[in-house]
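See structure below.
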């Protein structure tokens, strides 16, 4: 996983096979979906906004160029390219986080929340969503913000105290735990395949953590002390569970709340929580090194860029292929760790990575096939 996973629950539902939601103001409601006019036929009132079935109910001009015109073709593979670019930006941001020497992970999270707020605020004003959301949904939004920001802080801590590749691999167990929590709280189907993928994910985490009672007292290939490695592993697992809980909450809320508002709650609650934690820990201070200040800015910009490209990928590509392609995060993490951190991963880590990637990819493929099957049934 990447800098965006725990905190960016808005993008994470893709792992569960859901399509990205359509911004309010671009839906004309049920019953308004009409078939696209036949090619060459000029529809009456072309200036009016209309919805067409080929664009999933999105209003013109947000989907087709014009009523009666052909749908604008998307460059083949562009969505997957955006996904790879997003993974690369997230991985580089993680590398900069490892390079920061004198800034606490909570303070880095606070800076990230500030960037999120600056990005989302114009969207809230443009779409006129308000800042609190529907009354019946505010409690869900609060927990979404709390769990999402908690996942981000824990993930940043894990990046700082354990190898970059190890922390990244563990966060990719999120889709597996999402399926498990959705089965418990949303009564979604949980098959034997899901059980198998969960066991694969747990096996991968064990190979990375390498607890002494299984692997002996001499644990090699870790970064720093084993105590820090274990703390980082626990933080990464807790971050993954928090991110999975965030996705379940987003599924519960559905499309009744604009995704900008969801990100707003995440940023505001995260910033408040980080500021309180920094004063309690007495860790609030500007970095003394100018390089660390530059890294903080770059982490915010790269994380935001990764989020934007991931969102664009989900707009033009199916969620399943995007979820699978996001495993490139793991590849980039291994490459950057070797090139810039001089840390060669052990075969235990490689084996754990293969287990986790197989698990998350299998979960994504199953969810994707299920969503395609449901779409075909609706067409029939």
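Glycine is treated like the rest: Cβ placed from N, Cα and C.
Predicted automatically and left uncurated, TrEMBL annotations should be read as such.
If you check TrEMBL, you get these features:
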COMPBIAS  10-20  compositional bias 'Low complexity'
DOMAIN    78-209  domain 'EamA'
DOMAIN    231-360  domain 'EamA'
REGION    1-34  region 'Disordered'
TRANSMEM  79-97  transmembrane segment
TRANSMEM  109-127  transmembrane segment
TRANSMEM  139-159  transmembrane segment
TRANSMEM  165-186  transmembrane segment
TRANSMEM  193-213  transmembrane segment
TRANSMEM  233-251  transmembrane segment
TRANSMEM  263-281  transmembrane segment
TRANSMEM  293-311  transmembrane segment
TRANSMEM  323-341  transmembrane segment
TRANSMEM  347-365  transmembrane segment
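The stretch from 109-127, 139-159, 263-281, 347-365 that makes the most Cβ contacts under 8 Å with the transmembrane segment (323-341) is 347-365. The residues of the domain 'EamA' (78-209), classed with DSSP into helix (H, G, I), strand (E, B) and coil, number 110 helix, 0 strand, 22 coil. Scored on C-beta pairs under 8 angstroms, the neighbour of the transmembrane segment (165-186) with the top count among 79-97, 193-213, 233-251, 347-365 is 233-251. With Cβ pairs under 8 Å as the measure, the transmembrane segment (193-213) is packed most heavily against 347-365, out of 139-159, 263-281, 347-365. When Cβ-Cβ distances below 8 Å are used as the criterion, the transmembrane segment (139-159) is approached by residues 1, 3, 5-9, 94, 97-98, 105-106, 108-109, 112-113, 133, 167, 170-171, 231-233, 235-236, 238-240, 242-243, 245-246, 249-250, 252-253, 257, 261-262, 265-271, 273-274, 277 of the same chain, each at least six residues removed from its ends. For the transmembrane segment (263-281), same-chain residues at least 6 beyond its ends with a Cβ under 8 Å from one of its own Cβ atoms are 7-10, 104, 106-107, 109-110, 112-114, 116-117, 120-121, 124, 131, 133, 141-142, 144-146, 148-150, 152-153. Taken together, the residues of the domain 'EamA' (231-360) have an average pLDDT of 83. As a summary of secondary structure, the domain 'EamA' (231-360) carries 111 helix, 0 strand, 19 coil according to DSSP.
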